[in-house]
Amino acid sequence: MKFIVKPHPEVFVKSDSVRKRFIRILESNLRSIIQRETKGVEVINRRDHIEVTGLSDEYRDVTLSVLTQTPGIHHVLEVKQSGFKDMHDIFEQCLEMNREVIEGKTFCVRVKRRGNHDFTSIELERYVGGGLNQSVESASVRLKNPEVTVKFEVANDKLNLIIARHKGLGGFPLGTQEDVLSLISGGFDSGVSSYLHIKRGSKVHYLFFNLGGPAHEIGVKQVSHFLWKKYGSSAKVKFISVDFDPVVAEILEKVDDGQMGVILKRMFMRAGGMVAEKFGIEGLVTGEALGQVSSQTLTNLRHIDNVTDSLILRPLINWDKEDIIDLAREIGTEDFAKTMPEYCGVISKKPTVKAVKEKLEKEEAKFDFSVLEQAVYNARVMDIRDIEKESQEQAPEVEMVSELGSDVVVLDIRSAEEEDEKPLELDGVEVTHIPFFKLATKFGDLDQSKEYLLYCERGVMSRLQALLLIENGYKNVKVYRP
């Protein structure tokens with residue numbers, strides 16, 4: 001198993017010292033994750049690229065998943081590496097790998113070469129291409145728009161025959177940009193905006209203003225943990241939860257209805273600024289898009305921004321909702337967002353779309369700011385890696401089962417893609433697939449005389465979903481951990 005990792009082109013327009021630092025950080029990030037997820041896989045910095053090698057293909061899929069989900073990588077070449085004697089030896093190796101691929105098709109040969117050789121890249125392309133054309137009678141050369149492009153690299157004394165090219169995430173290596181604090185609600189927008197800053201190289205910490213109780217917090221923890229685990233697990237980041245119920249109660253009691261939405265957002269930014277300052281974070285990230293709701297007009301956004309000195313970053317400011325949902329689907333947060341409640345939208349019955357500074361200040365003069373300060377002071381800060389541990393501690397009443405009786409039903413709560421990739425088949429036991437995001441609404445329709453065991457790959461989602469069901473009064477739920 002061998003992969004050649006090509007950093008994003010923007011890395012190479014940096015100065016020499018910055019480029020070297022970025023690639024060292026990318027190397028460190030990859031090594032951190034790969035050593036945790038695999039055994040015997042090496043990560044080697046080759047200055048202008050990174051090589052990832054293993055003695056066998058045992059961890060091929062896991063390694064490729066890490067490489068294509070790590071920020072800072074443009075593409076990944078899956079290669080077969082060997083030595084060579086001369087151009088004819090290279091041709092013979094290319095023929096062995098590509099004979100069946102080019103049969104009955106048009107093709108061309110493209111070579112990248114580094115090092116000192118007695119041939120040029122063009123000479124090698126012509127030699128190998130001519131040899132393939134003569135050796136495979138049904139194939140024909142076409143230099144423009146061929147059906148097959150035979151690609152390989154010659155690096156000094158090594159020949160890299162390209163098996164496949166995999167698209168990377170792009171962006172900058174995680175940790176090359178300054179940290180940001182994402183105001184996450186668990187919906188489509190905040191998940192996508194968090195992802196975009198991870199992709200751009202920032203360690204994203206998560207700040208959650210809890211308006212919906214334990215169930216809402218569990219849901220937001222799930223999506224935050226998912227984003228960190230899939231795209232940023234080389235970084236140590238924080239999940240911070242602030243109970244905003246007292247703040248909302250104060251607004252509802254003392255603030256004019258039309259100003260409530262903007263004032264709530266101003267309170268979010270004030271609290272976010274306090275938390276960011278405490279942890280030395282320069283920027284707040286939100287999922288706001290221009291004109292999407294009443295508080296997101298230019299006038300209202302300006303009034304919202306003015307309450308904090310923190311830089312407010314809005315990567316989705318000009319995005320259409322449809323495009324946001326499409327990206328959420330692509331990165332894997334759509335299923336979380338579908339069932340995530342939006343509590344902020346009910347705050348005003350007749351919200352203003354063009355708030356006036358004097359009116360806002362008049363209404364905020366009625367507000368007891370000690371309530372906000374106390375809420376921030378009582379914020380709960382945790383390492384995002386502890387969410388998995390907490391799910392076990394929060395649900396001690398959730399029984400873990402490893403052996404199955406014939407009278408139980410196993411609910412596979414993984415996504416459809418995960419279930420298709422690794423179907424759960426158990427002899428003599430009924431297995432039903434209900435994705436986790438449908439479980440809350442579908443579970444009540446099941447036969448409640450039966451006992452249900454929830455299953456997912458790592459046991460994190462199944463524990464959290466079991467806790468939610470138990471909180472909703474269901475007692476016939478356990479977790480299956482084979």
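Including glycine, each Cβ sits where the backbone N, Cα and C put it.
On a predicted model such as this, the values are computed, not experimentally measured, just so you know.
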Checklist entry - Pick from K151, K158, K254, K265: which one does Swiss-Prot list with L183, I184, G287, Q296 for the same ATP site? => result K265
Checklist entry - What mean pLDDT score does the domain 'THUMP' (61-165) have in the model? => result 94
Item to check | Residue pair I184 (ATP binding site), C456 (disulfide bond) - Cα distance, angstrom, rounded | outcome: 24
Checklist entry - What three-state secondary structure does DSSP assign to L183 (ATP binding site)? => result strand
Checklist outcome for this item: For the domain 'THUMP' (61-165), the DSSP residue counts stand at 39 helix, 38 strand, 28 coil
Checklist entry - Can you tell me the three-state DSSP label for C456 (disulfide bond)? => result coil
Next on the checklist: Measuring Cα to Cα, how far is L183 (ATP binding site) from C456 (disulfide bond) in Å?
Outcome noted: 28
Checklist entry - Per DSSP, to which secondary structure element type does G287 (ATP binding site) belong, with helix, strand and coil as the options? => result coil
